[in-house]
Amino acid sequence: MASSGMADSANHLPFFFGNITREEAEDYLVQGGMSDGLYLLRQSRNYLGGFALSVAHGRKAHHYTIERELNGTYAIAGGRTHASPADLCHYHSQESDGLVCLLKKPFNRPQGVQPKTGPFEDLKENLIREYVKQTWNLQGQALEQAIISQKPQLEKLIATTAHEKMPWFHGKISREESEQIVLIGSKTNGKFLIRARDNNGSYALCLLHEGKVLHYRIDKDKTGKLSIPEGKKFDTLWQLVEHYSYKADGLLRVLTVPCQKIGTQGNVNFGGRPQLPGSHPATWSAGGIISRIKSYSFPKPGHRKSSPAQGNRQESTVSFNPYEPELAPWAADKGPQREALPMDTEVYESPYADPEEIRPKEVYLDRKLLTLEDKELGSGNFGTVKKGYYQMKKVVKTVAVKILKNEANDPALKDELLAEANVMQQLDNPYIVRMIGICEAESWMLVMEMAELGPLNKYLQQNRHVKDKNIIELVHQVSMGMKYLEESNFVHRDLAARNVLLVTQHYAKISDFGLSKALRADENYYKAQTHGKWPVKWYAPECINYYKFSSKSDVWSFGVLMWEAFSYGQKPYRGMKGSEVTAMLEKGERMGCPAGCPREMYDLMNLCWTYDVENRPGFAAVELRLRNYYYDVVN
């Protein structure tokens, strides 16, 4: 199976072999004849998201590391940067530029051979899922949405902390204690563990050789790379362990059997797996441990394994996979060492997700439980929006309150507010502003979740430092919210950057459902009876010409929203009247690409602006395309 995530940018290339070793790459080049310029691409076993280029020349194989830069480009050390591994290979087919020769002929994977996955790729999906479950106590759709929207960040988080789940990692123990642990039980050559030496990211590899325990210091350099003295550098400990399980490469011997951590009773919890025969050197032959990564089960969220008691460590005779995580829960990791994720906020899940917070049967709230601040957050034809606090059963919830003008006494305005409340009470998604309820008191009030940073367009106008990948992250979240609306048979009808509110710089929610309509199961569009005060510059041609609204017309609006986001909150069709915009669209013309906007994102905008509604993509397709591009640029 092809690996996802880190190798996604190369999986489509027929000459990409995935997580193979240098020796395996050389064997393939020999199969291909070793002609000068014959080459293949493989996944780096040292650097997260990196690759290695193996090239034949002079009957020898030459290997070049391709690192992924912080801005998402790829480069061979000291060479030019390229948008993708494919672009890099194409460039070096025309310019040697530091390579031993030009790349002349790719060696493609034999028929039926898929890119090989590494140990982390095999474990990653389950590790991420369990990490999200246990860290934020999420289930169902909230869990799925968290994984989809934050997968690149979660992958990096898991990749750099995965060693904590591995049986060979013993945390911060002393040199003397590590020797005692290694010498307990079998004396298999290559038996090993890794311990933390200090709080600065320094570790030690403890390795058994001919009855003696050897200690190799593992240092972290200024860029965060890990290595033994004079050894290869790695992004993670598990990559280092994987490498030295294949070849000694400076060690006295390869790593074979990990010293696993034992519970207080001296038993290893295998989560129901059958026990395997006792450890034997042949079982742990070089490279063999990688090929035996198996599925595993985690404890239920909240289950905590008792910590090992000092002096009560003994070695089980059960064979243990060094790449299989320990059956212990993830430690909560919400400290200052990482940026807050949407799941860290109080508005990711519904306020009624807590079973003790009983959702009222009626949407009406008790005014006595609502406190309002004097300062206005915004205003419009309907009235004002203020910040407030609503006393729920267990917590006080910070809320935004839309207050109808007191003097209006316009039944139409009240009907609009109630219609909006009716739509909102049916929606529950992390990327949509949820309604808490409505209040009938000195004025009619709609009580909603709070998004502190306000409208997306205004935020971007005032924060030009926000990077492309951050904008891609936000518009992807909007597409997830709109995909949910599409699946729920709702048409928004007022999708624009002004109606996307930011909870944090990395968390967006769709708001303002005043024009929204619920479609019946047998309907795929809503037909307005009359032309109202419509945001024409965001509307698809069929809305303007035929008053027909559907999820596909929301897709058109989403394209305009994307243009607003990548132009940092500029107004679309600036200086043009609605009739001029309509005429422009009828001629097949569209807005130009915002300065600095990635070409792929402008291409997606134009796809959203497909004139014929039947040929325009739905949000399922738009979200998937955005997701793939987002994963590619953020990884």
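Cβ coordinates come from backbone N, Cα and C, glycine included.
A coil conformation is recorded for Asp494 (active site, proton acceptor) in the three-state DSSP classification, outside any helix or strand. Long-range Cβ proximity for Asp494 (active site, proton acceptor), meaning a same-chain Cβ under 8 A and a gap of 6 or more residues, is found for Asp512, Phe513, Gly514, Leu515, Ser516, Pro535, Trp538, Ser557. Annotation source Swiss-Prot lists active site, proton acceptor at Asp494, citing sequence analysis.
Taken from Swiss-Prot, the feature ATP binding site applies to Leu377, Gly378, Ser379, Gly380, Asn381, Phe382, Gly383, Thr384, Val385, Lys402. Taking all protein chains in view, 17 other C-beta atoms sit within 10 angstroms of the C-beta of Leu377 (ATP binding site).
Under the heading domain 'SH2 2', Swiss-Prot lists 168-259, citing sequence analysis as support.
Residues or ranges marked as phosphoserine by Swiss-Prot: Ser44 (among others). In three-state terms derived from DSSP, Ser44 (phosphoserine) belongs to neither a helical nor a strand segment and is classed as coil.
Taken residue by residue with DSSP, Tyr131 (phosphotyrosine) is part of a helix. Annotation comment: Swiss-Prot describes Tyr131 (among others) as phosphotyrosine.
Sequence annotations record features per position, and here Swiss-Prot assigns phosphotyrosine to Tyr296 (among others) based on experimental evidence.
Per Swiss-Prot, the feature phosphothreonine maps to Thr317 (among others).
Its own atom aside, the Cβ of Tyr348 (phosphotyrosine) has 22 Cβ atoms within 10 angstroms in the protein chains shown. Marked as phosphotyrosine by Swiss-Prot: Tyr348 (among others).
Under the DSSP three-state reduction, Ser350 (phosphoserine) is assigned to coil, being neither helix nor strand. For Ser350 (phosphoserine), applying a Cβ distance below 8 Å and a minimum sequence separation of six or more within one chain yields Asp428, Arg434. Feature annotation from Swiss-Prot assigns phosphoserine to Ser350 (among others); the stated evidence is experimental evidence.
Tyr364 (phosphotyrosine): 12 other CB atoms within 10 A of its CB, across all protein chains. What Swiss-Prot records for Tyr364 (among others) is phosphotyrosine.
The phosphoserine annotation in Swiss-Prot covers Ser379 (among others). Within its own chain, Ser379 (ATP binding site) has Val385 as residues 6 or more apart in sequence whose C-beta sits under 8 angstroms from its own.
Residues annotated as phosphothreonine in Swiss-Prot, with experimental evidence given as evidence: Thr384 (among others). When Cβ atoms from all protein chains are considered, those within 10 Å of Thr384 (phosphothreonine) total 15, not counting its own. Mapped onto three states, the DSSP output places Thr384 (phosphothreonine) in strand.
Summarising the annotation, Swiss-Prot assigns phosphothreonine to Thr582 (among others) and lists experimental evidence as the type of evidence. Under 8 Å, Cβ to Cβ, and six or more positions away along its own chain, Thr582 (phosphothreonine) finds Val536, Pro541, Ile544. Taken residue by residue with DSSP, Thr582 (phosphothreonine) is part of a helix.
The phosphotyrosine feature in Swiss-Prot is assigned to Tyr629 (among others); the stated evidence is experimental evidence. Around the Cβ of Tyr629 (phosphotyrosine), the same chain contributes Ile472, Pro598, Glu600, Met601, Leu604, each under 8 angstroms and 6 or more positions distant in sequence.
The Cβ of Tyr631 (phosphotyrosine) has 20 other Cβ atoms within 10 Å, all protein chains considered. The phosphotyrosine annotation in Swiss-Prot covers Tyr631 (among others).
Averaged across the region 'Interdomain B' (260-370), pLDDT in this predicted model comes to 51. Per Swiss-Prot, the feature region 'Interdomain B' maps to 260-370.
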Tyr364 (phosphotyrosine) versus recorded positions Ser44, Tyr348, Leu377, Gly383, Tyr631 - nearest by Cα: Gly383
Integer Cα-Cα distance in angstrom, Gly383 (ATP binding site) to Tyr348 (phosphotyrosine): 27
Conformational class of Tyr629 (phosphotyrosine) under the three-state DSSP mapping: helix
Between Tyr631 (phosphotyrosine) and Thr384 (phosphothreonine), the C-alpha gap once rounded to whole angstrom: 39
Helix, strand or coil at Leu377 (ATP binding site) [DSSP, three-state]: strand
Distance [Cα-Cα, Å, rounded] between Leu377 (ATP binding site) and Tyr348 (phosphotyrosine): 21
Integer Cα-Cα distance in angstrom, Ser44 (phosphoserine) to Tyr348 (phosphotyrosine): 36
Distance [Cα-Cα, Å, rounded] between Thr384 (phosphothreonine) and Tyr348 (phosphotyrosine): 25
DSSP three-state assignment for Tyr364 (phosphotyrosine): strand
